[in-house]
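Record features, source TrEMBL:
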| type | residues | note |
| --- | --- | --- |
| DOMAIN | 41-290 | domain 'G-protein coupled receptors family 1 profile' |
| TRANSMEM | 22-47 | transmembrane segment |
| TRANSMEM | 59-82 | transmembrane segment |
| TRANSMEM | 102-120 | transmembrane segment |
| TRANSMEM | 140-164 | transmembrane segment |
| TRANSMEM | 203-226 | transmembrane segment |
| TRANSMEM | 238-260 | transmembrane segment |
| TRANSMEM | 272-292 | transmembrane segment |
Amino acid sequence: MEALNETLENSFILLGLTSVPYLQALCVLIFLIMFIITLSGNFLLIFMVLVNPQLQKPMYFFLSNLSVIDICFSSTIVPRLIVNTIAQDRSVSILGCATQMYLHLSLGATECLILAVMAYDRYAAICRPLEYNTIMNKNFCVYMAAGSWMFCFISSLIHVVFVFQLPYCRSHNINHFFCEMPPFLRLSCKDTWLNEIAMNVSAGLVAMCSFFLTLISYIHIISTVLRIRSTEGRRKAFSTCTSHLTVVSIYYSTIMFMYMRPGSAHYPDTDKTVSIIYTAVTPMLNPIIYSVRNKDVKSAIRKKIGRQMF
C-alpha cells in the first residue's frame, strides 16, 4: 500500500475523454485515422518542398516549418491519448507529464510566431513585390525561423518549471486527455494567481503580438489589393493569402480561448473540446488546406505522381 501511495504521489492520472467503452473504441479509431492523415499530409508537404525547385521560396520554407511543428505537436499528444484510452493504467510520471506540457507549450507558441512571419511574407510579396527577394532573403528567413523556435522553447521551460514547483495535495487526477497547464493549476492546494498571471502575460505576448503583426500585415495587404484595378488581379493577389487566413483563424481563436481566460472560466468538457481542435484537428487540416488551396503545391504533387506512374 505504501509503495502504491508513493507511486501515485510521483505520477498523475489522466482521466481522458470518456469512460464509456464503446465511446473509447470510437475515440481510438477517430484519433488514429486523424494521426495517420496528419503524418501523411505533413510529411508529403515537406517532401514536396524539398524535392521541387518551384517550391524553393520563403513561403514554402515557413510552410515546412509549420509542417514540422504539426508533426511534433500531434505526436506529442495523440499517441499518448490512444494508449491511455486503451490501457487500464492511465498514470503518467511527473517527468513524462512535464515533458509533454513543455513540448506542447513550446510547439504551440512557435506555431503562433511562424504564422505571423508567414503573414509578413505575404505582405512583402503583395505590397512590396520589387523588394521581395531583398526583404525575404535566405538569411532573414533562417534567422526568423530559428529565433521563433529558440524563443518559444526557452520561455516555455520557465512556465513548466514553475508549474511543477506547486504542491498538488488536492488530487492527482487530471480531468483531461493530456498534461495541459490550466487543469494542473486547478489541482494545486496553493494559490496559483501568480502562475495564472504569468500564463496570461506570456500567452498575451506571444499570441497577441503575433496576432497583431498578422493583422497589420493583412491591413496593408487588403489596402494594396483594393487598389488593383482589375477584378482578376485582385482575385489572384488575395488567393495567395486565403489558405494562411483560414489556418490563422482556426488556430488563434482556439489558443486565445484556452489560455487567455481567467481560471474561473475554465470548464473541463469545454477545455477538452477546444484542446482537440488545436492538438489534433488543426495539424491534420493544415497540409490539406495549403495543398487544396495552393496551385503550386497541387501542380508539384501532380507532376510527382505523374512521373511515378509513367
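Backbone N, Cα and C atoms are what each Cβ position is placed from, and that goes for glycine too.
Keep in mind it's a predicted model, so treat the numbers as computed, not measured.
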Notebook entry, point to check: To the transmembrane segment (140-164), which of 22-47, 59-82, 102-120, 272-292 is linked by the most Cβ pairs under 8 Å?
Noted result: 102-120
Item checked: Positions whose Cβ lies under 8 angstroms from the transmembrane segment (272-292), at least six residues beyond its ends -> 17, 31, 34-35, 37-38, 41-42, 44-45, 63, 66-67, 70-71, 73-74, 77-78, 104, 108, 176-178, 180, 243, 246-247, 250-251, 254-255, 257-258, 298, 301
Checklist line | Within-chain partners of the transmembrane segment (59-82) [C-beta distance under 8 Å, separation at least 6 from its ends] | finding: 14, 16-17, 27-28, 31-32, 34-35, 38-39, 42-43, 45-46, 49-50, 92, 100, 103-104, 107-108, 110-111, 114-115, 117-118, 121-122, 125, 141, 145, 148, 177-178, 247, 279-280, 282-284, 286-287, 290, 296-297
Item checked: Distant-in-sequence neighbours of the transmembrane segment (22-47), which means Cβ under 8 A and at least six residues beyond its ends -> 16, 63-64, 67-68, 70-71, 74-75, 78-79, 81-82, 85-86, 280-281, 283-284, 286-288, 290-291, 297, 301
Margin query: Limited to the domain 'G-protein coupled receptors family 1 profile' (41-290), I'd like the whole-number average of pLDDT.
Written below: 83
